[in-house]
């Protein structure tokens with residue numbers, strides 16, 4: 001029934017494996033897919049994984065850093081697998097505890113784990129127990145408790161039966177009262193000791209001076225260094241000519257926009273309130289300690305060499321889940337992240353004088369950084385140069401819902417590419433929205449004014465390919481790519497119409513455009529303002545691209561452009577939701593209205609903003 005069962009360490013050493021009779025294919029492919037897609041990406045909220053025709057179930061042993069994986073055909077319904085993998089874990093731990101406690105790769109390699117007999121016995125018991133389970137027959141009415149009730153027993157009286165109930169429970173109550181008295185004595189004995197310990201801790205803890213919170217002035221990059229630049233009172237009358245020249249200089253794009261050569265700057269956050277954040281963290285840990293039972297809970301949390309259980313982490317995880325949702329992370333994603341952290345820490349031995357709250361918070365922080373970091377190389381400049389060597393244009397398609405800033409961020413990316421010496425052709429494939437072509441034409445004219453054709457051999461660095469409105473978007477994109485290949489353009493940026501994820505005709509048209517033209521990069525443009533909606537948008541966009549594709553391996557979303565990032569302060573949860581649901585990186589971040597306001601994602605800065613109280 002089982003195709004394979006394997007036990008390996010988190011370092012990648014296979015300690016023991018089993019392969020079912022008649023199974024010829026190796027289990028390394030499915031297991032490697034599980035490691036890449038789930039374990040390395042901190043997606044352990046669900047203990048099942050599907051790879052082609054196989055279903056995989058896995059269990060983590062954090063104390064000995066082991067992973068137990070079982071694989072079987074997904075058409076089978078094996079109800080005993082969950083209990084079976086738990087039994088195998090317990091038997092393997094108990095049987096080879098001494099070998100597993102010896103840390104080191106060489107010691108594990110030199111150890112032998114002869115587990116075949118015990119595994120066969122456990123598998124036989126599990127299969128027999130599943131077969132022995134027969135459906136429970138339905139009870140007749142006479143056998144049920146409802147048939148024994150009478151009309152008199154169903155009538156409620158005010159205090160008539162209370163005396164009987166109290167009399168019947170008198171012996172139990174006296175026993176409970178005796179236990180409560182004993183507990184009160186124990187609590188009083190330790191009360192004075194705990195009170196003295198609390199006083200000592202209070203004396204040792206030096207109070208930190210409170211910093212007055214003041215709102216910091218925002219300094220705009222394009223603003224002048226002096227307020228006198230805004231005073232036009234002396235420029236009336238005879239001095240109007242000079243005023244017009246100053247106005248032209250002020251609105252000249254070359255004055256406002258800086259160079260963007262090389263890689264993009266990363267999104268960063270000011271850490272001017274580190275002291276306040278530390279105080280908030282300490283207060284949070286004290287509150288969590290109080291949740292475990294006042295001073296008892298605080299001292300319990302500070303004791304080292306203690307293995308964590310799910311009950312210990314549950315109050316902290318509940319607060320973390322609410323915190324993530326408040327920071328705009330989708331509710332389902334927040335729950336899955338907390339479940340993944342719980343599985344990662346369950347059974348792990350805590351260090352000395354470390355609290356449960358700090359341990360859980362650090363594990364969640366590491367998981368979030370791992371999720372946001374790209375799983376593959378993201379270097380568009382290098383990819384464009386590789387396409388240049390093959391004498392073809394590098395094609396990027398932008399898609400997304402209405403009003404998220406596709407055309408604006410397309411213009412920002414065009415400016416960045418031009419600054420790095422590439423020529424750009426913009427394909428106006430939004431043939432639906434009124435004014436879409438005119439908006440792109442305005443951006444083209446402005447970008448060409450920043451980089452005049454005289455400086456580039458008389459050839460405009462940006463050109464617009466458009467066929468008006470009401471045309472087939474896929475056909476326009478195909479013609480634009482052919483035109484770019486003939487005219488030796490380096491990059492083609494395809495602008496598409498905004499569409500809601502529930503609009504089936506428009507989603508079909510987008511899937512057709514991507515399937516026909518096969519762009520090098522498909523970027524989903526999404527707002528940083530959305531919460532739960534981000535999950536729905538990305539899932540349905542990917543589903544539409546997969547359903548309407550004409551190949552066995554459909555083209556899905558390759559990356560994300562996160563816009564309006566300057567409007568959300570520290571509510572950066574949309575970045576987590578989008579990356580988690582797709583597994584694709586955030587390639588660009590829009591942080592403003594000018595061409596300079598384009599950044600790359602800094603995973604650690606985003607996570608620090610997300611975890612800030």
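Note that Cβ sites are derived from N, Cα and C of the backbone, with glycine treated the same way.
Note: TrEMBL annotation is automatic and uncurated.
TrEMBL lists region 'Disordered' for one of the ranges 52-92, 93-133, 134-174, namely 134-174.
Residues 221-222, 256-258, 260, 264, 267, 372-376, 378, 380, 405, 408-409, 411-413, 415-416, 447, 450, 521, 523, 559-566, 575, 578-579 of the same chain lie 6+ residues outside the domain 'SRP54-type proteins GTP-binding' (585-598) yet bring a C-beta within less than 8 angstroms of a C-beta in it. Sorting each residue of the domain 'SRP54-type proteins GTP-binding' (585-598) by its DSSP state yields 0 helix, 6 strand, 8 coil.
Averaged across the domain 'SRP54-type proteins GTP-binding' (585-598), pLDDT for the predicted model comes to 91.
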